[in-house]
Amino acid sequence: MVEFLNSKNPQDIIDKLSLINNNGNKNIGNGNKTNNKKYITYSKNVFIPICNWCKNICGYCTFRRENYKLMNKQEIKEILLTGNKHGCREALFTFGETVDENPKIKEDLKKMGYNNILEYLYDISDWCLTNTDLLPHTNCGILSYEELKTLKEVNASMGLMLENSSDRLYNTIAHKDSPGKEPKKRLKMIEDAGKLKIPFTTGILVGIGETNEEIVQSLVDINNIHKKYGHIQEVIIQNFRAKESIPMSNYEEPTPLKMLKVLIVAKLILKDISIQVPPNLNSETGQLFLFAGVDDWGGVSPITKDFVNPEAPWPKIEELKKYTEEFGYSLKERLPVYEKYINENWLSCKVLEKIK
């Protein structure tokens with residue numbers, strides 16, 4: 001049996017694990033009792049893939065391109081200004097991990113006047129804060145403590161998917177060619193963000209060959225870090241989607257029942273952390289996941305697509321509102337930083353001034 005790190009009551013965790021196994025079916029429907037809110041939140045955003053090259057070659061990813069595109073400033077500014085006109089409040093900035101290791105990209109950046117991608121990102125984020133009502137949220141792979149510290153100045157929140165904390169899984173088709181997916185590196189960054197008091201989003205990926213024990217262990221690992229620093233505002237429970245162009249195209253997607261069970265366990269373990277499922281990856285079943293205590297839909301864009309899952313269009317906000325209300329909740333727009341973190345203890349003066 002897996003060791004549940006720092007758990008005060010391992011048997012309690014083992015009991016939660018049983019909810020994912022077959023004898024947990026009777027618990028379906030109990031998860032929504034843990035959601036005391038009368039609303040489900042979402043963030044109206046723009047998705048800006050600054051560069052789609054990546055050092056990692058994950059078995060389930062379609063984002064990475066060898067024939068990469070590095071967006072120029074004008075392209076990015078146009079999207080930000082369009083988002084501003086449509087009332088978006090979040091600018092999701094993303095690019096592949098350690099893109100600076102690609103000499104062609106480094107050369108392109110130098111031609112633009114930047115030594116590295118983080119200088120470019122900082123400049124773009126600063127422009128965004130100064131010229132629009134959007135708040136930057138960056139998710140760009142592994143960053144050092146100092147890099148996080150610098151980006152905190154111009155970001156309302158940041159994120160990194162843990163995906164799974166299993167060393168075994170790291171050596172499978174999912175991550176064997178992805179040095180940045182080594183669990184200890186990702187856990188360290190999540191912890192560094194806590195030390196720096198950065199409001200943070202993380203999550204797990206379900207259906208990439210993990211065991212039920214590894215799912216629970218990953219959630220426990222996230223919770224243990226959060227208990228130390230209190231900075232994790234939401235955890236995404238993301239279901240694997242099979243695509244023809246990926247090495248894992250023959251992998252089965254997790255069933256709705258499996259997702260329900262994982263979501264219930266996540267809510268029981270993570271308690272005060274919001275649980276998010278991407279509505280565009282669960283267009284037929286997302287409404288059912290509210291039974292499991294899901295309380296956030298995440299970022300939804302009226303003007304940009306999901307560049308990580310381009311085959312899955314965002315629902316229209318009116319549609320999201322309709323099936324949220326059908327369940328008995330109201331739909332509430334939020335910022336990329338949760339309300340409890342909007343103070344000088346968590347945000348830079350520049351970001352806080354923009355919000356207030």
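Just so you know, glycine gets a Cβ as well, placed from its N, Cα and C.
The [4Fe-4S] cluster binding site annotation in Swiss-Prot covers C54, C58, C61. Contacts of C58 ([4Fe-4S] cluster binding site) defined by a Cβ separation under 8 A and a same-chain sequence distance of 6+ are given as R64, A174, H175, D177, S178, K181, in order along the sequence.
Annotated domain 'Radical SAM core' per Swiss-Prot: 40-280, in sequence order.
Same-chain residues with CB within 8 A of the center of the C54, C58, C61 CB atoms, the [4Fe-4S] cluster site residues themselves not counted, are N56, I57, Y60, F63, R64, G96, S178. Residues within less than 8 Å, Cβ to Cβ, of C61 ([4Fe-4S] cluster binding site) and separated from it by at least 6 positions along the same chain comprise C54, I246, V308.
If you average pLDDT over the domain 'Radical SAM core' (40-280) in this model, you get 96.
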